[in-house]
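Heads up, the thing below is written out as structure tokens.
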Amino acid sequence: GLVIDGKTLEHVLHDSLQNVFLELTEKCRAVVCCRATPLQKSVLVRLVRNKLKAMTLAVGDGANDVSMIQVADTGVGILGQEGMQAVMASDFAISQFRHLRKLLLVHGHWCYTRLTNMVLYFFYKNVAYVNLLFWYQFFCGFSGTSMTDYWILIFFNLLFTSVPPIIYGVLDKDVSAEILMQIPQLYMM
């Protein structure tokens, strides 16, 4: 790991040392910056995100972390003693830092799984409907006649676009939370 303070970070963020610093950070498992200003935090996250093409996660608990949280791909605000500013600016909010592991490993895994399956579902739903319209055109001689009333189309989309995502989003858990916490490698899938 690498621990760097705000004064050193100020020198590192200049153009001449950025590449050396980024090469060093790539070799570390964790980089901790302490006593950094809000501007330094956001510049560092933006630098890592843009130059290394990495997905960034910023975790903060106060107003001084807001700019860093907003620059990151995913921002997590911790409800702390410093107020609600970080929580209001974040994508996710947790009450204590120890809940970060469950947020990432359990809810992150479930979220990715649900999103990928829902994208496949929407493709399937649209292909099924368009396929039906395509074959109907052969029956009506490509006259452009509508096969269904517009109300049926509206109800079809309402039913098949709203109900399955709600049911799937609430009930689908491919792996239990206990197993996901015990085997973090499942997140890599």
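Numbers here mean position along the shown chain, with the first residue as 1.
Glycine too: its Cβ is placed from the backbone N, Cα and C atoms.
Not measured: the values here are computed from a predicted model.
Sequence annotations record features per position, and here TrEMBL assigns domain 'P-type ATPase C-terminal' to 87-188. Mean model confidence for the domain 'P-type ATPase C-terminal' (87-188) is a pLDDT of 86.
Annotation source TrEMBL lists transmembrane segment at 119-138 (among others).
Same-chain residues lying 6+ beyond the ends of the transmembrane segment (150-171) with a Cβ under 8 Å from its Cβ atoms: 114, 117-118, 121-122, 125, 129. Per TrEMBL, transmembrane segment is recorded for 150-171 (among others).
DSSP assignment over the domain 'P-type ATPase C-terminal' (87-188) gives 79 helix, 3 strand, 20 coil.
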